[in-house]
């Protein structure tokens, strides 16, 4: 019988409606310049109270999508119901970058100057508010509540991009970064030492919830962190093949450049050599591929300078990531992993950042994965993580999205790690309690048996999960002994090379992906079925050579929305969303089509038998599609908006939550009860300062006891012994047996060697055993159950 998945695929392929055979009237579409999935208050699961009950109410955050046109921009929301809703649409000239700013983090000392105006939209347009400045040189902040412009920040040079989190707004310029406080929009710090990148992202940065990563133009040894990119010394067969291919591929690149010069079609952007020549005027040569991560909270105000003379305040890590210039980078949702790509786009690197509070030179940067895309050149434009950080999607300018499996702690992705709906631990219970690590260690140290001469590598083709996870990680080998060691110290964990499980190519037109009207293909806005875009004939060359040489796509993971589209009448069951191991992948292209792809990982079909460490393969299938591109006839949707507009409701909810977190009275809330009065009613006499410090006093348990105590094994049985009229206490801490009578009068000590204790006279009842007193219990079991035996297991 066909699986649900396969039946959908055949459904999509077989049913070709007659409407497509006739040529529909050409419908004019506006030209899309950029697309991006936005994170704002509307889909902030951590700060929007509406989503705090996700698992019980089925409240899922909507997807928020921004589209930049050659004239104006548009914001869409796709809620879990699947019915796309237009939130904002305006035509005011080309927009280079736009962000919906999240509500800032506030405290008693730091209040939000723009709280009545939020949510704010930050826009970088070709014609700024002043009108006189050069194009794209100012950031305008508009209030979506009132419709007015509340702030404008001017610059002398063009702006490339905007980034924001709840603490700062970051403006990216040529070789410079300027950061502004989210509450006041005053300048906080700026960086002037960025490495120039040939594009498409002229100055790549990554902004997490607190850290900011950027490409530094030189490597300063005194600030360099331990670790960083492992070059060609990767001890694996795959890496040897890759490095061998590098000599061939440099030749290929040279040929490609010569051919383009002969044909007279030079690439539009400046080449790396030109940029380097332009910047070589400076006294020191620039070094490509260096990354600096700074802490936006602790970094000093003013210029952030990484040099021999500067102290390392606020510098979290400073390390080499690639040999070529950095092209794109992104933090994972937790902010501990950083994915970086270079201008060649053959390999992407995944780093784990382990910081040290003292200085960046004490921090360690573990190179966990090299994600190998291929040997051709491609520029990366978008990186996206799944929410559990087990999948990463990297999209190139050719319109292809590559899906890679990773683990947040490193190691080879396999059936055990990626086939369950939940994240699994680095080691399975079996590995932890069976002591296999010590055996593994002895084997690898002796280099006997089937172990390869390279330490920590198995010569078997697939390699067991132990080989994959534990190769020469002496620091991790202490885990069995409950001594996690110091992960910042050497040796660093070994590197894993991962190939993409799926490569999803975006079609040139919508008609090539789903040949079926009905629930799979519904337009947005008026929810009518739209015919595929046939106004412009699809060019015969590859998408990477289409208009402007770029094919912009953006990808994001989210819960499946096609289920609703197929069964609109049914209520969504709680377990319905849990049927997939991986969330759906949503990809929007520069043709304005948003497509939901269902990803189905499964064990490698060629594997002889399926075990925990079987490698994976993946099935992908387009499931639903939305046509979101605007036509010139559409009306604009401009602020001021009503109070029930989704963006305004979300901003209100998050701001209210921020007030509660900061212990302040939310504006407009009833009752003058303050935080301290409510504390006094609990009969506590703390002053305000002590209340602020409570978090630092919390006691944290950092490691657990052994996974399986010796007496928990199946060889041990506990039986209740009832001597006549006496309670015997057998304690592992005493070498003699002490006996107390029921009236607690001390009895003479009994010696084991004497024959006074007749075991045959004791009643042994194997049927019902008393609960063992655990090391953490409040009182011995004998207190609870009259007369009984306590076997004290606290060793």
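Glycine is treated like the rest: Cβ placed from N, Cα and C.
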Residues flagged as region 'Disordered' in TrEMBL, choosing from 444-485, 486-527, 528-569, 570-611: 444-485
Annotated region 'Disordered' segment (source TrEMBL; candidates 702-726, 727-751): 727-751
Average model confidence [pLDDT] within the domain 'BCAS3' (688-729): 70
